[in-house]
């Protein structure tokens, strides 16, 4: 049987070997625990009296007790990977062989108690508790019950179970700010899984980052602290559980079972994008014509000859074929410039047989160089050819801090041909020669490609539009929208639009766009209007072919050449319905009548409202009250039967047309008829 001294934690040698009762020697007295407030062991020595010496045995006994207390270990509590709590009893916890040792585990909705098996000289097997919750802290208390059934709490240990890991992760752009923000969505087991925060770890380029985040709602959160254009790789999520007990904090991290993610934020777009068109002097065009940049737009007349005639000799030079393309409009050249054509299949033989004969000249006769003779015999000069112009595109780098590796230049011509170019991050100017007239759209975007993430480009900060006329005139895009747009209704079928625009806009025409708002509210089989059911554009400020009772929306655009500026603020107006006609009453007796009427052919409305006016004897008042409402139809006539009238009573009846507009319009109060039953 273990002695009281050994049970108290002083029965182990420094080497860790347990001692039995025989190690203490025979006749050792039973040692009792010290009273509260005093250390366990021998009584602390008092101050030595002068002239007295401490016994050598007392000093060695104190040293031996200190060593034993230092090596005593309390009961052990560990948490396994399968979320089981293992409680092991140590020798220092045993106070008596006759006592019963019980483990109390608290933390869930109820407390659990487990008793250690009875033991003698060998310590009992550990207690295994299968914890239900992951990420929850449990308080494990060792209770000692003596023979008098009095329990005493020996000591308590707090442990924290590990939360379950995240199973799946999705990362999306945060649409309001994709340059710095992402939307994290994580999936994990919610039942019996407790956590306080989420640990997010990732590589920001070449730097490793980790942070604790707690603002997750239903597995989603917006993280708006990243840098634009950076490749974030090896992104992992761990659920973190935290608990504070006796001024000590316990922290447990879940494992990582999901696939690590990567995401690149969108870089910021370049700033201050501008374009300039510089005409090339016609006199030195030849000097530039042989030095076109690879990025320039090349038209169908790719090979342009100088004002020389091409003579075929014995070994004629190779004649390049025309690079034709249906996407490019053809432009004729004057008599001093020619395009070479492919040789016919019969040409090589004749060229070889012409040796020694007069040279064959592949050119227009000099009599026709000045122009083409028309029917009247006069010379008609060819229209001048288009001279290339130089386009100078400049921009500034995106606002810092943005990680980027270059710029994409997109040049679109006539909405069917596009040049896509890439320049380095140090390039802030691009020069090209445009060889074809037409409408152009330019955009410059930033792209980021370094790292293992996918290449991403910035949003287009600004799209530039301009027009190059066949004569080389440069027309800049319109950026101003019309202001103070108003619509004045002139009649039931016409209206006049007016607006203001500054002289700096440079527009020379306008586009008035009109669409009906009531057409789509009607069933197609019941539509009473057709013209403005789809958007109709006109260059006139006068709007015609309107339908009474309809509601319209007008938008005005400024135009210069083929370029169209931004739209104005939409303006809504309504046309008052014309009302019914030929209202007729047919009496059916002293208590009933039939009302019949016609409507105009041109008109749109939502419903008819039939009202009547009479003296009501129950309320002692006279007022207009609605009797019936009839939905609009394509029929030009309508009728309704009115019953339950008072005999020998005076009535007024009225029928009005109500529109679909907001607010509703109605017409007309004058459509009334009187009758005495």
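Along the chain as shown, the residues are counted starting at 1.
Quick reminder: no glycine exception, Cβ is built from N, Cα and C everywhere.
Record features, source TrEMBL:
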- 1-55: region 'Disordered' (REGION)
- 15-32: compositional bias 'Basic and acidic residues' (COMPBIAS)
- 375-471: domain 'Fibronectin type-III' (DOMAIN)
- 481-578: domain 'Fibronectin type-III' (DOMAIN)
- 579-677: domain 'Fibronectin type-III' (DOMAIN)
What are the helix, strand and coil residue counts for the domain 'Fibronectin type-III' (481-578) according to DSSP?
9 helix, 45 strand, 44 coil
Model confidence for the domain 'Fibronectin type-III' (481-578), as mean pLDDT, reads 86
Is it possible to list how many residues within the domain 'Fibronectin type-III' (375-471) are helical, extended or coil according to DSSP?
0 helix, 51 strand, 46 coil
